[in-house]
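*Asks:* I'd like to ask you about the structure that follows.
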Amino acid sequence: MKNLLDYTLSELEAILSPKFRAKQIYEWIYKKNAENFDEMLNLPKDMRTNLAQEFYFDPLYCVKFEESSDGSIKYLFALKDGNTIESVLLPMKEVEVDEGGNISRHARYTICVSSQVGCKMGCLFCLTAKGGLKRNLSPGEIVGQILWIKKTNHIPYERRVNVVYMGMGEPLDNLANVAKAIQILKEPDGLAISPRRQTVSTSGLGAQIKKLGEMDLGVLLAISLHAVTNELRSKLMPVNKAYNIEAVMDAVRGFPIDMRKRVMFEYLVIRGMNDSVKDAKTLVKLLHGIKAKVNLIYFNPHEGSEYGRPELADMLEFQEYLRAHGVTCTIRQSKGLDISAACGQLKQRSQNLSPSNNNTSKPSDIKKSES
């Protein structure tokens, strides 16, 4: 059987007759949260039967989750082949001011999705890398994470959702499928998530950054930098031996970005390694001429990690130096400190799970992880 979520609307129109049925199916899946083909009552019964024999649109289900006191939720999903991946829901508040000056606050959601089962980049601070790469996710398996999280958290269709390709795996190592997922997600008759609300995060595959730019998808770009010298970055991130800092910066300078947007540089701050004012000075020089925003991230220690969480004073001093020298800089609000927040943690803690391939779980059936 084939995963219906792997298909763009135009692809579905090409294989269905009459083709307007494709839009109806898209609306049932992405707007009306249908659980099966039998619910699609405006389709002929024989068509529903045939579709059910050829397609499925439930490529994953949740076998465990952890909910933090700050509202963030981390999910462990099982795929049809028994492999598992992680996704995270980050709820936040968005403040809006209307023409009359009235202030309102609305829920805003960011969903962090995986693009691969495992990862081959080998970053020393990442748990996922320790297991290596098993396989790429299909477009539908990527889309399925967002669909499942939106559905089970009752996020209204019209509510703004941001998507970040920052979970397990290197998105640009699975560029074709990630690009197709971006196209499926932006479909107006589907989830209608604008590319401007989708961010692709990469460890710095220079050639693939160029290819992504040439696709002109309109997405935002985030670079996992984490160090300002090639010596340290090569130690932390072996990919730097193939694409060093200078090569990454060259690729970024050629990436098409909306005039109102900036390239995000993720900088994981590790105590005593990359948290000094000297590092901040070097970073300012590296970013010269780039419309950049730096996001400082507290290292989130995992069991067996040799690295430590930085001090708040050091984070603030680093941030202040960047701001004083014209670089937009934020400190990412730590989420999920009381759960398995680091990439790969929940999966590691759940190695003994034996999920069924039958996607029958409902929100009430999900096993909440005991911290």
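Cβ atoms are placed via backbone N, Cα and C, with glycine included.
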*Asks:* Report the candidate from SER201, SER234 that shares the S-adenosyl-L-methionine site with GLY169, GLU170, SER224, LEU225, HIS226, ASN300, as recorded in Swiss-Prot.
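*Replies:* So, going by the record in Swiss-Prot, that would be SER201.
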*Asks:* Return one of helix, strand or coil for HIS226 (S-adenosyl-L-methionine binding site), based on DSSP.
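*Replies:* Once the DSSP labels are grouped into three classes, HIS226 (S-adenosyl-L-methionine binding site) ends up as coil.
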*Asks:* Other Cβ atoms within 10 Å is the metric here; tell me which of the binding-site residues SER201, SER224, ASN300 scores highest.
*Replies:* SER224
*Asks:* Express the distance between the Cα positions of CYS119 ([4Fe-4S] cluster binding site) and GLY169 (S-adenosyl-L-methionine binding site) as a whole number of Å.
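*Replies:* The separation of the Cα atoms works out to 4 Å.
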